[in-house]
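Below is one structure, written out as structure tokens; comments come after it.
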There are 2 protein chains.
Amino acid sequence: MTSARPFNFAPGPATLPEPVLRQVAAEMLDWHGSGMSVMEMSHRGKEFGAILEAAERDLRELLAVPANFRILFMQGGGLGENAIVPLNLSRGGKVDVVVTGSWSRKSAAEARRYADVQIAADIGKGYAIPRDWALRDDAAYVHLCTNETIDGVEFHDLPQLTSGVPLVIDVSSHLLSRTIDWSRVGLAFGGAQKNIGPAGMTLVFVREDLLGHALDICPSAFNYETVAANHSMYNTPPTFAIYVAGLVFQWVKALEYGGKHGLAAVEQRNIDKAALLYGALDASGLYENRVDPSCRSRMNVPFLLRDERLNESFLTQAKAAGLLALKGHKSVGGMRASIYNAMPLEGVQALVGFLKDFEARHG
Amino acid sequence: MTSARPFNFAPGPATLPEPVLRQVAAEMLDWHGSGMSVMEMSHRGKEFGAILEAAERDLRELLAVPANFRILFMQGGGLGENAIVPLNLSRGGKVDVVVTGSWSRKSAAEARRYADVQIAADIGKGYAIPRDWALRDDAAYVHLCTNETIDGVEFHDLPQLTSGVPLVIDVSSHLLSRTIDWSRVGLAFGGAQKNIGPAGMTLVFVREDLLGHALDICPSAFNYETVAANHSMYNTPPTFAIYVAGLVFQWVKALEYGGKHGLAAVEQRNIDKAALLYGALDASGLYENRVDPSCRSRMNVPFLLRDERLNESFLTQAKAAGLLALKGHKSVGGMRASIYNAMPLEGVQALVGFLKDFEARHG
């Protein structure tokens, strides 16, 4: 079974490290001699308490999260969090959003329910992050989506906001794929179902001085101050997702690549995987990625076939070659290869081999 | 391993059927030849689509949910849903809440953020559901928690509201343990982590005429009309939890007990388990359950030791006897045995045997 699993390029939920899946299966009926599956454990028991504590500690270490940031394991996903952030941080005031694709556009729409939202910049139908942003010095925060899953646009450097306005970053689809410069961030959040674990959990990293300003209409389950004060246990957290995430964190910590280890190894491997794939696309006469090289995503690589009539046979033959879920998002069409942390270099090599082979036969 | 697993009386997350756990483990690396774990599947793919469709169909069949009710698989848990219900149904108007314990009290607090909430009746420190309710004919809905997990109070019959005001029932801790009289219900909701599956999912059953009245401040991820229109796929649903729930539904459908099968078998087994345990408590000089027999919960059985100094040794010895998680909720103290669907009769028999043995030695 080990080497027989196909390579899964799904955008999320997405491929997970095989050793993690094996451990989850092995511990399913009896976690560490407790006589229970993690799914069956009371979240208030000492067993689950140890799981949550280890997961938070490992995540903090991996991402070098400063002591003045709280890490919250929340129920739900990115779309809900797009409302929960302004419920907690907007104070009903001004929010500036930099639109770089589909997700930041959705974030702006949700924030409008609670705040005076201004689009500070908009990528529109372009393929490069706009340079000039119309920011307001009295905004409650500035929102960026630092990796647009659908559009394949990634910020490789975070802006340094001179105004002192907190930066909120939606890191859903590249969380744990690279380091984060926390000195430039007020809050970061991400759904789990890309690099972390099962869908239904969101991780929130919030600077302590931003807590305590939720609107009265914010449900208590979604109030960051309440969740933080109760160490993500105000209500029942998504226990099984936290457990899987904890195993993924351990897997990242143990990863070795290119003479590096841990998150640095993951990041270097992601850089190499992306370079290999973009290089193959750019060298081809059949495939095309239009995103400006300055902001191409290392995680999500959308590409078009110049002859769209080949789309169906491309997908059929890819699947037969053990390359799954390459169909692009319906809003942009074409193909998309999501190459998250758990996608090995061999998966990208296999994809590149297939791209060349298919082009030779059909290009 | 099969017979060696201890009996887990946790209140939720809680024990799950062992055959379900075994199947989840067996399918962890490759669901039905797909080459993927369910955790790794795109929610938009045909594989997960089939899982969701089967789960909804089986649940609708098991609970005989009428065609004019929509079933929603939502992210999150009961506490969040306590806010999401009034965001969708209150229209900013009046909400009447019947308080029968800790959970309905929490529901009232959340609803107050959005509506004019009146406590129609309050069990206070008593042990019987109040008979007289001060209901308003122009309320948007009446809220009941039909099984109070902490207090062990259950409605065995739903009221017939003559006013035509919709009844909203929080069925979190007895969902799928018995039939529901849908003719008396406008909306039912329940967190999954008792009888259904992993924490982080909430099931909502909503009558179609109640859709479409959400407040403007309702996040789109939590708007029932939006979720219903997109068949629980407006955003990424908690895919793995839905998969486990689907296996639990199949397990319930296949259950045979006392000449009955399916939900009827589960319900009869629950009746027998509860009768056995309450009978043992009532016959004892050491243990005491104070809830009025008319509203004792079949799912959650709190009890006190008349000599509280024995609490610690009771718990220690119970654990040594393979009886886990019997400690009561901190707000009421004492013990609590949660005997959900997946707790076999043998588990309750073992508990009753231990109760008698412990009393004989310490009573």
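In case you wondered, yes, glycine gets a Cβ from its N, Cα and C as well.
Record check, TrEMBL: pyridoxal 5'-phosphate site residues include A:Trp103, A:Asp170, A:Gln193, A:Asn235, A:Thr236, and the candidate from A:Thr15, A:Thr149, A:Thr316 also listed there is A:Thr149.
Note: the CA-CA distance between A:Lys194 (N6-(pyridoxal phosphate)lysine) and A:Arg44 (L-glutamate binding site) rounds to 28 Å. Between A:Asp170 (pyridoxal 5'-phosphate binding site) and A:Arg44 (L-glutamate binding site), the C-alpha separation comes to 30 Å. Counting every protein chain shown, the number of other Cβ atoms lying within 10 Å of the Cβ of A:Trp103 (pyridoxal 5'-phosphate binding site) is 23.
The most densely surrounded of the binding-site residues A:Gln193, A:Asn235, A:Thr236 is A:Gln193 (count of other Cβ atoms within 10 A of its Cβ). Just so you know, the Cβ of A:Thr149 (pyridoxal 5'-phosphate binding site) picks up 27 other Cβ atoms within 10 Å once every protein chain is counted. With a cut-off of 8 Å between CB atoms and residues at least 6 apart in sequence, the same chain places A:Met233 near A:Arg44 (L-glutamate binding site), listed in sequence order.
Using a CB-CB cutoff of under 8 Å against chain B, the binding-site residues that qualify from A:Trp103, A:Thr149, A:Gln193 are A:Gln193.
Of all residue pairs in the pyridoxal 5'-phosphate-binding list (A:Trp103, A:Thr149, A:Asp170, A:Gln193, A:Asn235, A:Thr236), the one with the greatest Cα separation is 30 Å apart.
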